[in-house]
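What follows is a single structure, written as structure tokens, with notes after it.
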Amino acid sequence: MSYFESFILALIQGFTEFLPISSSAHLILPSAILGWEDQGLAFDVAVHVGTLAAVVLYFRKEVVSLLSAFFASIFKGDRSKEAKLAWLIVLATIPACLFGFVMKDIVELYLRSAWVIATTTIVFGLLLWYVDKHAELKADEYQADWKKALFIGLAQAVAIIPGTSRSGATITAALYLGFTREAAARFSFLMSIPIIVLAGSYLGLKLVTSGEPVHSGFLLTGIITSFISAYICIHFFLKLISRMGMTPFVIYRLVLGVGLFAFLLTQ
């Protein structure tokens, strides 16, 4: 892998991690079209670190508030809305952890293909469009209860299927439950923090045990590029959806999915 490849891949990861357009659908393009080799475990860990740093920094006030309330609820019996939301995020994380543990090998073996990604990109794009147009968008994240958190968590679990998009699935589920677009996005982004931590830790453990060589220059490129691009993406995404809704991302998903099908049919 060259510095140019590491920059492009980290840029793609950073820009697509938090948009409802599927990072896996985009990361397959360089290998499918340009023949680039797999970036390896070390680089995967690096871009996880970069995107995690971006979302934590952007929502630093919320993260500090939720963490403080979470521990206060354990040691002091805090029952504030922040403590409740923190526990709901924990609950929403459980389905993805269980589903990932049980289904990881099956997904890797049978579902990690360009055909699956093209299909899920279109199907879940249409689902996002329907929900965005027909659901009541009134509630914020603090009005969630354990049933809603679990439902959104199950949507996050489904997103282990390549092309679905973790943020796309969770935002779609939150919109269906009546969250405003901004609240759905915030809840999705806050939910991403424990998932990215767990996924990055798992990949880091695999890296340590694999003995894979580490190129510090490529890793630094990956961390910095994914951090900057993810931070910019979060900022402008929240501003865009308040004015235009999810339609631009639905259109993009449909174009991408059709484009992938067209490319695959010519091979």
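Note that Cβ sites are derived from N, Cα and C of the backbone, with glycine treated the same way.
Residues or ranges marked as transmembrane segment in Swiss-Prot (evidence: sequence analysis): 1-21 (among others). For the transmembrane segment (1-21), same-chain residues at least 6 beyond its ends with a Cβ under 8 Å from one of its own Cβ atoms are 27, 29-30, 36-37, 39-40, 43, 46-47, 50-51, 54-55, 121, 128, 165, 167-168, 171-172, 188-189, 192, 215, 217-218, 221-230, 232-234, 237, 246, 249, 252-253, 256.
Taken from Swiss-Prot, the feature transmembrane segment covers 39-59 (among others), and the record attributes it to sequence analysis.
The transmembrane segment annotation in Swiss-Prot covers 83-103 (among others).
The transmembrane segment feature in Swiss-Prot is assigned to 111-131 (among others); the stated evidence is sequence analysis.
Residues 17-25, 28, 88-89, 91-96, 98-100, 103-104, 107, 111-113, 116-121, 124-125, 128, 177, 185, 187-189, 191-192, 195, 249, 253 of the same chain, all 6+ positions outside the transmembrane segment (149-169), place their C-beta atoms under 8 angstroms from a C-beta of that stretch. The transmembrane segment feature in Swiss-Prot is assigned to 149-169 (among others).
Swiss-Prot lists 189-209 (among others) with the feature transmembrane segment, giving sequence analysis as the kind of evidence.
Residues or ranges marked as transmembrane segment by Swiss-Prot on the basis of sequence analysis: 218-238 (among others).
Residues or ranges marked as transmembrane segment by Swiss-Prot on the basis of sequence analysis: 245-265 (among others).
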Contact count check, CB pairs under 8 angstroms to the transmembrane segment (189-209), set 39-59, 111-131, 245-265; argmax is 39-59
Same-chain residues at least 6 beyond the ends of the transmembrane segment (218-238) with a Cβ under 8 Å from one of its Cβ atoms are 1, 3, 6-7, 9-11, 13-19, 42-43, 45-47, 49-51, 53-55, 57-58, 182, 185-186, 189
